[in-house]
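Read through the structure below, which is laid out as structure tokens, and then see the notes.
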Amino acid sequence: MKKLLKMEMYELTHDYICLLTIGMNFILGIFMASGYLENDYFNLPLGGYQVFIAMLHDSTGFIILTSVFIALLMGKSFSNRIIELKIMSGNSRSNVFLCKVFSILMVSTIAMLIFPIMGAVVITLRYGWNAPILQSIVTSFKIVVCSALLDFVIFSVIIFFGVIFRDTVRTVAASVITIFFNALYLAYANALKVPISMHPMHLLRTVLTNNSWYQFVMFSLYSIVLLSVILLVSYNIFRKCELK
């Protein structure tokens, strides 16, 4: 297991898709940060904390963009027979699956969080944090943990499609189309009067406006349950599939 994890980490740090995903969001976070000072989001004082919350609020578009690169990583593992070679080397399918899940979710989370973090750093250096330190840190911690878990749920769909198609093109197409239509659903749900209250993308924004401990715990548990179901179904497919 440790060797597999080390191998995954080595592959990620030498994979141009992974580096491009993180690097792109890193640069965008720096250069787009000042644009979030133009509006007073959530009635917060203008500063690093306000920009951090505002950039998290706008993460839906980056979920779609990041999903393209994450799906490429997942699909490439099958297309290049990397996963098959790891199993042929004597590693169990369960260990290979868990390590791949860990690497995919880790990259997706870093890519999603580095955008608001870099924006907050840039604005804080220029204008200050401008929020009560202890309270804002605790609130930020709850928001980051809950957002990461909800991101896990969204990106676990890519893992699901990856084990179904075991092909780069179809994995990317299915993942991006699914997440894109979910974003459209979220955008027009109120006009169409369809339910969105428990949709993960909707909860990503809800947690920013109401980040009580109760909501933090409930959203986190809900995310863990959804994530567990998707990954269990994905593993069951992976365990029985024929690798070519």
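Cβ from N, Cα, C; glycine included.
Whatever TrEMBL says is automated annotation, not expert-curated.
Annotation source TrEMBL lists transmembrane segment at 16-37 (among others).
What TrEMBL lists as transmembrane segment is 49-75 (among others). Below 8 angstroms of C-beta separation, residues 15, 17-18, 20-21, 25, 29, 32-33, 36-37, 39-42, 100, 104, 107-108, 111-112, 115-117, 119-120, 123, 129-131, 136, 140, 143, 147, 151, 154-155, 158-159, 161-162, 165, 167-172, 175-176, 179-180, 183, 186, 201, 204-205, 208 of the same chain, each at least six residues beyond the ends of the transmembrane segment (49-75), sit close to that stretch.
Taken from TrEMBL, the feature transmembrane segment covers 96-129 (among others).
Per TrEMBL, transmembrane segment is recorded for 141-165 (among others). Tertiary neighbourhood of the transmembrane segment (141-165): same-chain residues 53, 56, 59, 63, 66-67, 70-71, 74-75, 77-78, 100-101, 104-105, 108-109, 112-113, 171, 174-175, 178-179, 200-201, 203-204, 207-208, 211, 213, 216, 219-220, 223-224, 226-227, 230-231, 233-235, 237-238, 241, selected by CB-CB distance under 8 Å and a gap of 6+ residues from either end.
According to TrEMBL, the feature transmembrane segment maps to 172-192 (among others). Listed as Cβ neighbours of the transmembrane segment (172-192) (distance under 8 Å, sequence separation of 6 or more from its ends, same chain) are residues 60-61, 63-64, 67-68, 70-72, 74-75, 154, 157-158, 161, 164-165, 199, 201-202.
Feature annotation from TrEMBL assigns transmembrane segment to 212-238 (among others).
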